[in-house]
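Take a look at the structure below.
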Amino acid sequence: MESEKILMAAGVTVAAVVGAFVFWGPSGSRLRQRRGQIAGLHNFGLTCFLNTLLQAMAACPQFIAWLQLYNNASPDRKSLITSMLNTLEVVNGTHATLRGDPYSPGAVLRALNALGWVIPQEEHDAHELFHVLLTCLEEEAIRPQPLGCLSDALPTDNDDNSSLAGTATPVGGFRSFSSMAAGLGASQRIGDQPNRPSSAMLTDFLNMEYDESTSLQRLVRSEAHTPDSPASVCERDGNDRLGSVLLDAVSPGTPFGFPLVSNPDSLATPMLGGERSSRPRLPQSQQQQDEGLNRRVSSSCRSLERLHRGPGRVSIWSNMMPSQVAHPFQGAMGAQIVCNGCGSKSAVRYDKFDSITLNLPPQRRTGLSLGHLLSEYITSEDLSDVKCDSCNETTTHTKSVTFAKLPACLCIHVARTVWLPTGQVCKRKDYVHFPESLSMAPYSFVQPHLNSQAGTPWGSTMSLYSSSLPMNNGVGGGEGFGTMFPKNLYRLLAVVVHSGEANSGHFVTYRRGSLRNAHRWYYTSDTIVREVSIDEVLSVPAYLLFYDRGQQRQLNLR
């Protein structure tokens with residue numbers, strides 16, 4: 001009797017626990033609530049300059065979309081593009097599988113090290129690292145993908161190297177040049193050459209030097225051309241026509257399945273893309289024997305062409321480079337010189353930029369705004385004693401500079417480090433008012449009455465003056481210009497603040513949330529994340545400002 005009561009009580013307890021778990025336990029809704037929450041980042045010791053920049057760039061949806069574009073085109077888990085994308089998605093709480101609060105950005109540091117950047121364990125500038133990251137990301141995005149040798153298109157026989165012409169090898173059975181060289185004996189290599197690794201492995205560190213624009217140390221690499229590198233695929237030694245060799249008869253004793261040709265000049269070089277030009281006619285029996293091989297080689301070349309084409313890839317079978325998508329921080333400044341005597345205008349010179357650096361006025365003053373600094377940035381400059389090519393007179397010329405192409409994401413750097421007459425460096429802590437909505441129309445080349453966009457890659461170049469638009473020098477963000485020029489209206493995404501002195505301190509980031517929390521603002525300092533008000537954000541002494549022109553704007557093609 002007692003045992004039955006105990007058993008019944010145990011059953012009721014288990015049922016109550018199960019019911020509580022079903023009604024109040026973890027559910028999909030709670031997982032969805034965790035999605036989109038901002039995560040902190042581990043500090044490895046003086047790496048706040050990296051954490052603050054990752055938090056700021058994680059608040060830029062268009063930059064993340066650009067990373068996704070190239071990561072989908074050529075995924076490589078050890079590349080900087082993939083490492084950055086994974087880190088930013090984990091920070092935003094949007095990664096499909098990874099979670100972490102705080103999360104370790106060690107993969108980004110390892111990717112930078114693999115690209116040749118050595119970051120000593122000391123304090124660094126976040127603005128310098130910003131340019132380092134963009135430079136490395138752009139190099140990864142536009143560099144040609146490592147392709148195999150033309151011999152990869154040859155059918156192979158796993159048993160021996162004889163009678164390749166009569167073996168029906170599948171088109172998809174490609175082998176790389178390096179793997180073929182490693183599997184053959186020394187007597188089977190062309191000219192008894194030693195085994196050579198692939199070009200991706202032959203990277204020699206020649207010397208160590210410092211880039212003039214940054215204090216971060218970079219190792220300069222030298223890539224050697226090997227037989228499987230794109231630079232040496234189409235031309236080996238003088239008149240050696242490797243492509244025509246592929247289309248000739250294969251002798252049983254030939255290393256790598258290549259025939260030994262005594263007179264390469266007698267052979268015709270095939271056209272890229274799987275086509276070949278006319279060549280001397282072979283004997284009828286040999287022509288029939290090689291007819292099947294030629295068809296397989298041609299189809300293999302076309303298959304390789306399809307495999308190696310795509311966004312961010314360069315195919316050795318095509319003489320046209322695919323269009324590359326520039327990162328969203330890339331813009332262009334336009335400079336033009338006007339003769340004050342005859343009024344002739346020079347051709348517009350365009351210079352690309354990833355960020356703009358605004359200098360503080362020599363004397364500290366109150367009421368300083370971002371509009372004042374932008375106005376000073378594009379102020380015209382008088383050049384004296386310049387000879388005009390039009391009137392041949394030596395007169396004063398006026399040089400004007402404006403934003404010719406506005407980027408999708410705008411990074412503004414407020415330079416706060418100055419040198420004193422004594423030779424010491426100090427940091428200025430002036431407060432610069434910056435708006436949540438910024439219109440760049442007063443500082444750009446804007447001529448609404450012109451419908452023609454011809455003349456330059458950035459539009460018409462009749463003049464670089466922004467018509468008669470007033471400068472946005474007030475404390476407002478120029479909301480009135482936003483209705484006139486909506487494409488030039490930017491919204492604030494993140495603010496990087498440096499606390500401390502010129503030689504030491506700490507970086508923190510104020511940033512927008514992700515997904516449904518994009519209207520909220522968060523304070524991030526390494527592993528610390530807390531929600532703040534927009535008033536607190538607009539009251540901090542900004543060092544780096546991140547703006548964008550809207551989440552749905554299409555990426556610009558170069």
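Each position is counted from 1, following the chain as shown.
Cβ atoms here come from the backbone N, Cα and C positions, even for glycine.
Over in Swiss-Prot, the protein carries these features:
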type: TRANSMEM; residues: 6-26; note: transmembrane segment
type: DOMAIN; residues: 39-550; note: domain 'USP'
type: ACT_SITE; residues: C48; note: active site, nucleophile
type: REGION; residues: 267-300; note: region 'Disordered'
type: COMPBIAS; residues: 280-289; note: compositional bias 'Low complexity'
type: ACT_SITE; residues: H506; note: active site, proton acceptor
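Sorting the active-site residues C48, H506 by the number of other Cβ atoms within 10 Å puts C48 first. Across the structure, C48 (active site, nucleophile) and the residue listed as 'active site, proton acceptor' place their CA atoms 7 angstrom apart.
In the three-state DSSP reading, C48 (active site, nucleophile) counts as helix.
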